[in-house]
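Below is one structure, written out as structure tokens; comments come after it.
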2 protein chains.
Amino acid sequence: MIEPRILKGFRDMLPQDERIRLRLQDILQRVFRSYGFVPIDTPLLEYTEILLGKGGGETDKQIYRFEDHGGRDVALRFDLTVPFARFMAAHYSELPLPFKRFHMAKVFRGENTQRGRYREFTQCDFDIVGVDSVSADFEILNLMADSFAALGTTGISLRVSHRGLFNQLLDRLGIAGETTEVLRLVDKLRKIGADKVREGLIALADDQAAEDILAFIQPLDNNQATLENMIRLAGGESAAAARLRGVLELATESSMAADVVLDPSITRGLDYYTGIVFETFLSDLPQIGSVCSGGRYNDLAGLYTKQLLPGVGASIGLDRLLAGLDELSRLPQLGPETQVLVFCLQEDCLSACHRVAGLLRADGWRVEVYPEAKKLPKQFAFAEKRGIPLGIIIGPEEQEAGTANLKDLRTRETIDGIPVAHISHQLRELAPEFSVSARHGGDSGL
Amino acid sequence: MIEPRILKGFRDMLPQDERIRLRLQDILQRVFRSYGFVPIDTPLLEYTEILLGKGGGETDKQIYRFEDHGGRDVALRFDLTVPFARFMAAHYSELPLPFKRFHMAKVFRGENTQRGRYREFTQCDFDIVGVDSVSADFEILNLMADSFAALGTTGISLRVSHRGLFNQLLDRLGIAGETTEVLRLVDKLRKIGADKVREGLIALADDQAAEDILAFIQPLDNNQATLENMIRLAGGESAAAARLRGVLELATESSMAADVVLDPSITRGLDYYTGIVFETFLSDLPQIGSVCSGGRYNDLAGLYTKQLLPGVGASIGLDRLLAGLDELSRLPQLGPETQVLVFCLQEDCLSACHRVAGLLRADGWRVEVYPEAKKLPKQFAFAEKRGIPLGIIIGPEEQEAGTANLKDLRTRETIDGIPVAHISHQLRELAPEFSVSARHGGDSGL
């Protein structure tokens, strides 16, 4: 006997959890599509040289890498951005630019599982490639807001800043050479606090530069004041300043105005962003970190092609978001999987049972036939365990007469002798919340 | 520069193809759910000992296997059945039995790509576990038929037989010891022809046994005649015979009667089936082989638990089916991804453009805003390339007046000066095929 264990950091998804995950993915997909984003997919396994590119850093240690049957050096993807860059380099000439894609799929990282992280998790990425404009920057922000609204997540804080403006500040301070170290420090602000960041900055530059950086990354009373402060410290107007102002103006005139916060401490660390950057926090659960992050990059696929492909995008960490919504008890409430159970009294009646189930399914009901002629109490217990609200009983008499007995399993109300053709109508009267129009609304049932 | 290549046997899915794949998965998911099947998921990566079990055979050579960071012997799943067996062994006590699950996911096999096979492909499995009954056997067959009907696939042939009845025949002939070899031969009937099978059988048993086996696997004029012939050759009535008769009777009384063919040459080769077995062929494209196969097994998870878990299920090879439907020009026709393009005349009007787009999205339209103020002919060319049927133009005058100009991009008809609140209604008049009710029907747009 082999012990049925799974690898550390990996999970089985039981039906309740998987239904919710599929439901969230379905909601997100609808929002992405409503903006004209189209789905793509890429292989889970790629050449390691593609995935690691120049290499270096954490990724090299975390990647699942091995030699395949043909002696090729291959690896499982660790994000959806690198495969997308490779995809665009290979296919940009076949695609209408600007190109808007979404990609929801599994990625793999051999991370330390102590911190409650999974080694297999789902990312949802969306990007607009082939254009560098205020409209595209704003659209990603808009899409982030609409995604969380569609998920029913209130109390989100969409934090934006601009990496170009930050670079402008470092240029003015004459410490552009220390950008990497400064970014690394600022990115840790939430974790280590302002004092430690100040210490680190003073070690990198002079006191005045440290104070200017700390003043720059400080959000003020409102976005307008923060923006003016940033521009003043960065040395005045610039293309970066104009872009950030443009995005904020569009946000102010939109319905999500209240959720957008200009937060200059957002830098996205060492990532490859060059323009606007985004992070998203749940106001009631800031400690889980950003549940949707992204920004603008001026050269997506430079490792694989000479074609310059600027873009802007963001990524939702679905597992972290799920965990967060669960902790806040804000996961979508899903109705019963099965709405109608056709009880099985005796095998002779199976044909009628399956026929009625088929008629109801054609009418949009989710129906199952109890699969054997067990005693009725056992079948009722099964219905209760599964939370099935409606029942149908067909015995020899009903089969003969072409009728069925209906049972509301919630109230134990029974309606006998309904002609087969009228069952669907009668069930709708009993349980209007499962009617076709209700089903065609938001709840696709998964 | 790194060449943006992918591994042999792997594929990028461009939006057109990915939309169709997601659409087929969505259709199948709805059918599975309408029968009360619930989704689960399992890790892509598992301990090799779990996946290979006793090992031996083709799988060992094809599996992607390696040592992970922790020195564990791990592998990518090569099907969804073995992980399901491990899943049931681990979780059966938490699940209401009988348990009906579906699982649509990627699997990996390092197969020879010469034969047009992929090394990463999608399987859709559905099983009923914890019950051994005629109703469950029939339900899987019914679900197979409904799945293909929902996919719009006409001309399918659902071939069924019963492995127990085949075993009964071999018992009577006294060659039960040769079962493996006989199954291997019979499974090749379509490939190598009856003469070669006869030669092989004669080498394994005597002439009379060979003739009896050949007579047994021969379908006759109708299912009834075939069944009687099988039972006679197998030596008379038995539980297996009764079960097969029961399933065929239920099928005969159902709407799929015409598509169900009793075909005793179906054995599912060396698989672990013990009862009814299924294969599905496209009548117009039999050469691609079975697009949905399965059967009954009496002990799903015996490798991992002492708990006896009988079940019945089947698996759709989505990639093979997609290729088949493509060859027959029967893939679903998807409408335009984006239904409405909001043109961008100048940046000053962006706020109004995004606001109108948001209003239309809230009303169910799929809308994009052209992301920069390029010359109009360029934007029209983009709309045409993307097949977007409807356009909205908002200039400074319209922005001021709170109106927009509508354009049917198919007919070039223009309607100017529509108040923003009336745009959705007006678009519905122009293009009723994209109306909300049409969208709530079968076409979920992907």
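Each Cβ is built from the backbone N, Cα and C atoms, and glycine gets one as well.
Residues or ranges marked as L-histidine binding site by TrEMBL: A:ASP79, A:LEU80, A:THR81, A:ARG109, A:GLN123, A:ASP127, A:ARG268, A:TYR272, A:TYR273. If you take the C-beta of A:THR81 (L-histidine binding site) and look for same-chain residues 6 or more apart in sequence within under 8 angstroms, you find A:ASP125, A:SER315.
Under the heading domain 'Aminoacyl-transfer RNA synthetases class-II family profile', TrEMBL lists A:1-336.
Less than 8 angstroms from the CB of A:ASP79 (L-histidine binding site) sit A:VAL107, A:GLN123, A:SER315, each of them six or more residues away in the same chain. Listed in sequence order, A:ARG163, A:GLY294, A:GLY295, A:ARG296, A:TYR297 are the same-chain residues at least 6 apart in sequence whose CB falls under 8 Å from the CB of A:TYR273 (L-histidine binding site).
Per-residue pLDDT, averaged across the domain 'Aminoacyl-transfer RNA synthetases class-II family profile' (A:1-336), gives 93.
Under a cutoff of 8 A between CB atoms, and with a sequence separation of 6+ in the same chain, the neighbours of A:ARG268 (L-histidine binding site) are A:ARG163, A:ASP187, A:VAL277, A:GLU279, A:SER293, A:GLY294, A:GLY295. A:THR81 (L-histidine binding site) falls within a helix when secondary structure is assigned with DSSP. In this entry, L-histidine is bound by A:ASP79, A:LEU80, A:THR81, A:ARG109, A:GLN123, A:ASP127, A:ARG268, A:TYR272, A:TYR273, whose most widely separated C-alpha atoms sit 22 angstrom apart.
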